[in-house]
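Beneath this line is the structure, given in structure tokens, with notes to follow.
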Amino acid sequence: MPRRRQRHMAGSGSDGTEDSDSSAEREQTNSSESDGNMPKRQRLTRASTRLSQSSQDTPDLKRAADHDESPPLTPTGNAPSSESELDISSPNASHDESQSKDQANRDSDKDLSHRPKRRRCHETYNFNMKCPTPGCNSLGHLTGKHERHFAVSGCPLYHNLSADECKVKAISREKQEEEVKAQEESNSRHATRHQTPTSKQSKYKEQVAELRKGRNSGLQKEQKEKHMDHRQTHGNTREPLLENITSEYDLELFRKAQARASEDLEKLRIQGQITEGSNMIKTILFGRYELDTWYHSPYPEEYARLGRLYVCEFCLKYMKSQTILRRHMAKCVWKHPPGDEVYRKGSISVFEVDGKKNKIYCQNLCLLAKLFLDHKTLYYDVEPFLFYVMTEADNTGCHLVGYFSKEKNSFLNYNVSCILTMPQYMRQGFGKMLIDFSYLLSKVEEKVGSPERPLSDLGLISYRSYWKEVLLRYMYNFQGKEISIKEISQETAVNPVDIVSTLQSLQMLKYWKGKHLVLKRQDLIDEWKAKEIKRGNSNKTIDPSSLKWTPPKGT
């Protein structure tokens, strides 16, 4: 049979190029059928393993069996899985050619026999990465199941353990889990709906109570000194000593939970859902505050692998060290966000920043916000958006309180795309001020607005609270007999859908005789009014007369 036709019938690689190694294995499978010494599936599996190992050891080596190119490497650096990508649907190859292919493969294996064979491993490590714990060589893992680690969550040294101790603890945990699983299976066979505790369960409960007797006894003087010395020596680079703080039983439960969480993170890393360093930014130094981060933000890798990030609170530039930040602050001329100041009352100001004119600032603002928002996806494409940044001024400058962004041209009349209050200003009324300001802009535009979905957990709570307050205030001031949702929407600029959902949550919407009726619940209105009186004349409100703003052209 002509060579070209044979390759065409044998199939191609996963990326559309012809795979000479796959065709060689299929022909080898044919020859194995004639020999009858080994089942076809077993021979195919061994050939697949051999090819995978040889591709790992010498990815740039040319195959002796054929002069075609090798299949492309996968992102993990391994060749494609040969068994999953093979087409074994009876290739029409001659017996002589299959024998020559078989001989060529054996010759190729002889050439590679002098190289040490590596054990196939499903974990891929980036050896340029290092654990951020000082003095750690990245060897070992808290779970005792991996050879290396790159995060504090898996560092034995950070947890005041050695790699060997972690392995011993892992074996002990596995034995305990097997015993518990066997016990649960045994109990499930004889379980009833209202089963009383068995004698073993009662005995175990007594043992646990006995183990926990001395957990509140406190530390002795020598133990306190040891804990203080450890803290002064290592600071935040090591976990505090946990021995003698509680019972050994509770400490072991805590260690199990730590190991399980570390294992879950390691699985996500191996699957590619997170990368080394992606969850390494634990804290940021922002002005006079040190903030713990909540979520991963896609900062550049050289910054993302750091345990702490230093951010200028005025221009939002991020830096690697305290020294660089100090030098930057000495020459940074910014004291407020770029753009136009469109609102000022007292010490509170709002600046309108165009994402097209101030691209770098808006990108840095989005990266900073992602550290505290789960659903945010906008980082770099900031040009179609306007950012309204709220600040609080003092003698050193205008400090970032929060912000919201909105599209310049929104077809669905969204008045907010993303909204954030900085953690140090949360639970002080600033979130409600940002929401109120967004609806004030909608009123000036003579539009009805609504936030873009999905809302974060904290965002949903803030909006529900705001909508409830707006509706109750409207009900309190309403003097007519018939109320219309459309009229409420036009006066408050709140979307009718949001009004209906809020009325339903307050149980103020009722269906009666084919009509939807809005109930005026006086108890809720009185409760809201009492809170308003107790709150007094707070400065955490938006004054429409302090707004100096005209809608941008084209919106």
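Using N, Cα and C of the backbone, Cβ positions are placed for all residues, glycine too.
Feature annotations, reproduced from TrEMBL:
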ACT_SITE  E452  active site, proton donor/acceptor
COMPBIAS  45-58  compositional bias 'Polar residues'
COMPBIAS  59-70  compositional bias 'Basic and acidic residues'
COMPBIAS  75-93  compositional bias 'Polar residues'
COMPBIAS  94-114  compositional bias 'Basic and acidic residues'
COMPBIAS  177-188  compositional bias 'Basic and acidic residues'
COMPBIAS  203-213  compositional bias 'Basic and acidic residues'
COMPBIAS  221-236  compositional bias 'Basic and acidic residues'
DOMAIN    276-551  domain 'MYST-type HAT'
REGION    1-120  region 'Disordered'
REGION    177-236  region 'Disordered'
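Counting residue by residue with DSSP, the compositional bias 'Basic and acidic residues' (177-188) contains 12 helix, 0 strand, 0 coil.
If you draw a 10 Å sphere around the CB of E452 (active site, proton donor/acceptor), it holds 17 other CB atoms from the protein chains shown. Long-range contacts of the compositional bias 'Basic and acidic residues' (177-188) within the same chain, counting only residues at least 6 positions beyond its ends with a Cβ under 8 Å from a Cβ of the stretch, are 198, 200.
Only residues 6 or more beyond the boundaries of the compositional bias 'Basic and acidic residues' (221-236), in the same chain, are considered here, and those with a CB under 8 A from a CB of the stretch are 243-244.
Summed and averaged per residue, pLDDT over the domain 'MYST-type HAT' (276-551) gives 89.
In terms of DSSP secondary structure, the compositional bias 'Basic and acidic residues' (203-213) contains 9 helix, 0 strand, 2 coil. The compositional bias 'Basic and acidic residues' (221-236): residue composition by secondary structure is 16 helix, 0 strand, 0 coil, according to DSSP.
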